[in-house]
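Peer 1: Here's a structure for you.
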Amino acid sequence: MTKLSVNINKIATLRNSRGGDVPNVVQFAKDVQRFGAEGITIHPRPDERHIRYQDAYDLEPEVYTEYNIEGNPIPKFIDMVLKIKPTQVTLVPDAVDAITSNAGWNTIKHKDFLIDVIKEFKANDIRTSIFVDPDLHQIEGAKATGTDRIELYTEAFAHQYSLGNKIAIDPYVKCADLANNLQLGINAGHDLSLENIKFFKDNIANLLEVSIGHALIAESLYLGVENVIKMYLDKLK
Ligand SMILES: CC(=O)[C@@H](O)[C@H](O)COP(=O)(O)O
Ligand SMILES: NCC(=O)COP(=O)(O)O
């Protein structure tokens with residue numbers, strides 16, 4: 001079984017665009033869990049342009065599935081994760097001004113840093129995952145950090161798949177095989193969607209969790225808009 005963790009960053013983006021509390025991020029998390037989601041993912045960024053640090057605290061009592069907090073382990077992020085103690089922390093090497101995540105860790109160059117940070121989270125019973133490109137050297141490097149899991153960065157796969165290039169799954173299959181041999185748990189995320197998720201899941205052995213946000217929220221709009229238009233028209237009769 002592969003768990004679906006819903007990334008709710010985009011709900012916060014929408015809320016922030018009006019400055020109020022619509023849509024309500026905590027209510028949305030409660031609803032998606034009620035609808036069957038097996039986890040909630042957030043990725044607070046230093047500029048707090050979507051999910052804010054306060055949201056991370058507000059969500060903590062309401063997330064009864066797996067709570068996954070992603071981010072660059074700057075001191076403020078580490079402090080927050082240690083206070084909240086989510087199910088999982090996913091370390092992502094984002095630049096401060098990154099529009100979205102655009103690369104995995106260089107697990108060889110940052111080995112010592114990752115070992116220290118991961119040790120602290122694990123000592124606090126927080127499962128760790130690190131975001132990596134589908135590169136065998138980076139998977140070996142990830143193992144050396146002591147992390148429980150890796151999150152395969154799936155943007156390259158998703159882009160090529162949308163162009164019809166199914167061969168783009170190959171490096172992910174090889175990395176997953178190596179990770180399984182090394183007894184690293186495997187998560188995946190970034191640009192996964194209704195279009196590509198089944199093919200990805202069917203090809204990756206022991207895929208434990210996917211975190212999906214951008215496409216899932218867009219698809220929810222597409223698939224829900226007909227119903228809402230009808231409801232408005234009904235009220236305007
Ligand atoms: C690590 C990853 O791929 C996701 O967390 C993604 O970066 C979401 O972040 P944004 O919502 O800021 O794009
Ligand atoms: N870890 C990936 C994630 O949480 C969601 O990424 P995306 O679906 O918004 O691209």
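Placement of Cβ uses the backbone N, Cα and C atoms for every residue, glycine included.
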Peer 1: Can you pick which of ASN7, ASN180, ASN181, ASN203 TrEMBL lists for the same 3-amino-2-oxopropyl phosphate site as ARG18, ASP191, GLY213, HIS214?
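Peer 2: TrEMBL names ASN7 for this 3-amino-2-oxopropyl phosphate site.
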Peer 1: If I go by TrEMBL, which of THR100, THR107, THR128 binds 1-deoxy-D-xylulose 5-phosphate at the same site as ARG45, HIS50?
Peer 2: THR100
Peer 1: CA-CA, which of the recorded positions HIS43, ARG45, HIS50, HIS190 lies nearest HIS214 (3-amino-2-oxopropyl phosphate binding site)?
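Peer 2: Among HIS43, ARG45, HIS50, HIS190, HIS190.
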Peer 1: Hey, of ARG18, HIS43, ARG45, THR100, ASP191, GLY213, which of those recorded positions are within 10 Å of GLU70 (active site, proton acceptor), Cα to Cα?
Peer 2: HIS43, ARG45
Peer 1: Cβ within 8 angstroms of the Cβ centroid of ARG45, HIS50, THR100: which residues besides those meet this for the 1-deoxy-D-xylulose 5-phosphate site?
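Peer 2: For the 1-deoxy-D-xylulose 5-phosphate site, the extra neighbours are ASN9, THR13, HIS43, ARG49, ILE51, ALA98, ILE99.
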Peer 1: Please go through the recorded positions ASN7, HIS50, HIS190, ASP191, GLY213, HIS214 one by one and keep those whose C-beta falls under 6 A from any atom of ligand 2; give the result in sequence order.
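Peer 2: Once distances to ligand 2 are taken from each Cβ, ASN7, HIS190, ASP191, GLY213, HIS214 fall under 6 Å.
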